[in-house]
Ligand SMILES: *[C@@H]1O[C@H](CO)[C@@H](O)[C@H](O)[C@H]1NC(C)=O
Ligand SMILES: *[C@@H]1O[C@H](CO)[C@@H](O)[C@H](O)[C@H]1NC(C)=O
């Protein structure tokens, strides 16, 4: 080898090592695998930024590759009958246990909402397909995996409304009978942005005056629950953590409402609140709702409030103001609106910007008298439930899935 080649080789190796290496906390299991996995996500994110900068495609257009890479065609198998249907115009993948002869017993049901920041993801991704099959076989349940429409093509409230349409359609007595579902044993569940939608539709359903069938349980897996304070201790502690750095979460939030970059910039600076939304800051006051261990190292200061005219000057008006709508930020409701919610399972991860959203909801639901199981993973990172398929399979993802399904088995 000539010296030039050697130098080039060494340079490439060190660049690769530099690119892959990240200061991930020691206690996280399978650290190197996580660094490698995350270097793919980071690389894609850089490509997406570049593509948007030069005007090729928007950022989410490139990030959508993640969804495409794991797409499957959900097919029936030995134990599970899979059909693709439309409920009130919204696509749903329906997973049902294959009938055993003479089995007329009513079954449980889970309405599942996938994650992906309202912009990415699909019920037809292999980790979600596997999870649905596991729930069918372990719980003898009917699982609806909802293919709600995504931002930025469909901003808030479209994804939320798609989900609510499916919920309302399915919970009709006639429809439940058609799928042999017990009206008293239905749960709504979802991970990340799906957990946000699950929490939001649970609140909406119990307010709906004509609604007869209600959920028995809601299971929220590292949910997103509020857009008012994007500087909670967990946002600060985990701002560079895989798989969801703060910048990406803020992008998801802003793109949920608008493609106007002014909201993204204001949210990055945590200066997006206006006088109206600031009256709701009391519902996400982490100095009050987080156990002391989580906020000890941080001094609470309420997010800055930008007055009307200045707010408009940076474009935080019109649809952008929806970030304070409880259908987008379910934490922003008074205790009275939480009291009659179904019992809850809330999963949180230590190394996750969304940790405190979940923990604050645990505190607030319990204070309102709702039965809550809180499962906190000390070495968990955001998105771990998605990593159950080789080569990006993580032991912690497997454990989370098992514990979550076990909870449903005992509580649904
Ligand atoms: C947050 O809670 C603390 C006490 O826990 C209180 O001193 C502070 O005024 C509260 N701030 C807001 C904005 O609710
Ligand atoms: C919080 O405030 C105390 C007392 O003012 C100060 O000593 C400490 O450095 C502050 N901590 C942070 C993280 O800003």
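Every residue, even glycine, has its Cβ placed from backbone N, Cα and C.
If you look up TrEMBL, you'll see 192, 352, 382 marked as active site. Residues annotated as domain 'Alpha/beta hydrolase fold-3' in TrEMBL: 110-271, 320-385.
Positions of the features from TrEMBL, shown on the structure.
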| residue | record | DSSP (3 states) |
| --- | --- | --- |
| 192 | active site | coil |
| 352 | active site | coil |
| 382 | active site | coil |
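Counting other CB atoms no more than 10 Å from each candidate's CB, the active-site residues 192, 352, 382 peak at 192.
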